[in-house]
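> Before I ask anything, let me first share the structure, which is written out below as C-alpha cells.
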Amino acid sequence: MVKISSLEVGKPLLLWINDGLMAIFFLVVGLEVKRELMEGSLAGRDKAVFPAIAALGGMLAPALIYLMFNGADEVTRQGWAIPAATDIAFALGVMALLGNRVPTSLKVFLLALAIIDDLGVIVIIALFYTHEVSMTALGVAAASIAVLALMNWRGVGKTSLYMFVGLVLWVAILKSGVHATLAGVIVGFMIPLHVKKGPSPSETLEHGLHPWVAFLILPLFAFANAGVSLQGVSLSGLTSLLPMGITAGLFIGKPLGIFTFSLLAVKLGIARLPEGIGFKQVFAVSVLCGIGFTMSIFIASLAFGDADVALSTYSRLGILMGSTTAAVVGYGLLRLSLPRVR
C-alpha cells in the first residue's frame with residue numbers, strides 16, 4: 001500500500017505490475033521520445049514528417065479493420081485500439097536478426113515510426129480509456145506537474161528529485177481515474193536532456209533503466225498478462241469476430257495503413273523516402289509493425305479488464321496469432337528485400 005496525505009493506494013499484484021512497473025516503462029518511452037524529438041531521428045520537420053504520416057496510417061487502418069469485425073457489438077467495440085499498437089522492442093529484435101544487412105536509415109525509420117506510434121497510444125489511453133475522474137486527485141497531479149516544470153526550467157539535474165515528485169504524480173494520477181502509466185511519460189519529458197555541468201540527466205537515467213525495463217519489467221508484464229487458459233477454448237471461438245478482428249488488424253491493417261500512407265505521402269510530395277530505403281523495405285517494416293504483443297495486451301487489459309474472462313482470453317489469442325504471423329512474415333519479407341552483405 002502507498003499513502004500520500006489523503007491519497008491511499010492498495011492494489012493486487014497484477015495491478016501493481018500494470019500500473020506501477022509499466023509506468024517505469026513509459027518513463028523510458030518518454031525519455032526516448034524527448035531525446036529523439038530534440039536531437040535524434042525526429043528532430044526537425046524533414047526527419048519527422050515521413051514516419052509521422054506512416055504511423056498515422058498504422059494506427060487508423062488497424063482500428064478500422066477491427067471495427068469492421070467488432071463495431072456492431074457494444075462490448076467488443078471497446079477494444080478498437082488493441083491492434084493500433086506496436087511492440088517496439090520485439091519489432092527491433094526481429095530486425096536485429098538480420099544484423100549488418102539492415103541499413104542504419106531503415107533502423108532509424110522503424111524506431112521513429114514505433115516511437116510516434118507509442119505517442120499515439122499514450123494519447124489514446126488518456127482520451128478513451130479513462131473513466132471516472134477525481135478532481136481532487138487531478139489538482140494534486142497538476143501541482144506535481146507544475147513543480148516538475150519549475151525544476152526543469154531552473155535546470156535541476158538531480159534525477160532523485162524528479163523521481164520523488166514523480167511518485168506523488170503517479171499516486172495522484174492513479175487516484176484521479178486517468179491511467180497511472182501517463183505519469184511516467186510526463187516525468188520523462190520533464191527531466192532535462194542537458195544541464196550546465198555534468199552528464200545528461202535524461203540519458204543517464206534512460207541508460208540506467210533500460211536493462212531493467214528490457215530484462216525484468218517487460219518480461220514480467222508479459223508473463224503476468226499473456227497467460228492464456230485454453231480451457232473452454234474452441235475452434236469456433238478462436239475464429240470468432242474478436243480474435244479475427246485483432247489478428248486482421250495487426251497483420252493486414254498495420255502494413256496496409258503504413259504502406260498506403262507512406263506511398264501517398266511520397267507521391268503527393270508531402271514527404272521523402274529516407275536515404276537508402278526503397279518501398280520494398282518500407283512494406284517489410286510495415287509488416288513488422290504488426291507485432292503488437294505487450295502493448296496490445298496492455299490496451300486489451302484496459303478495454304476488457306472488468307469484462308467476461310472469455311473476452312480477455314480470446315483477445316490475447318488474437319494478439320498472439322497476429323503478432324506471431326507479423327513477426328515471421330515481416331522477417332521473411334525484410335530478408336528478401338535487403339541486399340546480401342559480401
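Using N, Cα and C of the backbone, Cβ positions are placed for all residues, glycine too.
TrEMBL does not curate its annotations; it predicts them automatically.
This is the feature table in TrEMBL:
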- 12-29: transmembrane segment (TRANSMEM)
- 49-69: transmembrane segment (TRANSMEM)
- 81-102: transmembrane segment (TRANSMEM)
- 108-129: transmembrane segment (TRANSMEM)
- 136-155: transmembrane segment (TRANSMEM)
- 161-191: transmembrane segment (TRANSMEM)
- 212-233: transmembrane segment (TRANSMEM)
- 245-270: transmembrane segment (TRANSMEM)
- 282-305: transmembrane segment (TRANSMEM)
- 317-334: transmembrane segment (TRANSMEM)
> Any residues 6+ beyond the ends of the transmembrane segment (161-191) with a Cβ under 8 Å from its own?
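Distant contacts of the transmembrane segment (161-191): 2, 4, 7, 9, 19-20, 22-34, 122, 125-126, 129-134, 137-138, 140-141, 144-145, 147-149, 151-152, 201-202, 205, 302.
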> Counting only residues 6 or more past its boundaries, what in the same chain has a CB within less than 8 Å of a CB in the transmembrane segment (282-305)?
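For the transmembrane segment (282-305), the far contacts come to 18, 22, 54, 58, 62, 75, 78-79, 81-91, 94-95, 106, 109-110, 113-114, 117-118, 121, 124-125, 129, 179, 218, 221-222, 225-226, 246, 250-251, 253-255, 257-259, 262, 273, 311-312, 315-316, 319-320, 322-323, 325-327, 329-331, 333-334, 336-337.
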> With pairs fewer than 6 apart in sequence excluded, do the transmembrane segment (136-155) and the transmembrane segment (49-69) have three or more C-beta pairs that lie under 8 Å?
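No, since the transmembrane segment (49-69) and the transmembrane segment (136-155) share fewer than 3 Cβ pairs closer than 8 Å, they do not count as touching.
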> Look over the recorded stretches 81-102, 108-129, 136-155 and say which has the most C-beta pairs under 8 A to the transmembrane segment (245-270).
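By Cβ pairs under 8 Å, 81-102 leads among 81-102, 108-129, 136-155.
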> If we skip the immediate neighbours and take only residues 6+ beyond the ends of the transmembrane segment (12-29), which ones have a Cβ under 8 Å from one of its Cβ atoms?
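Same-chain residues near the transmembrane segment (12-29) but 6 or more away: 115, 118, 122, 166, 170, 174, 179-185, 187-188, 206, 209-210, 212-213, 217-218, 220-221, 224-225, 298, 301.
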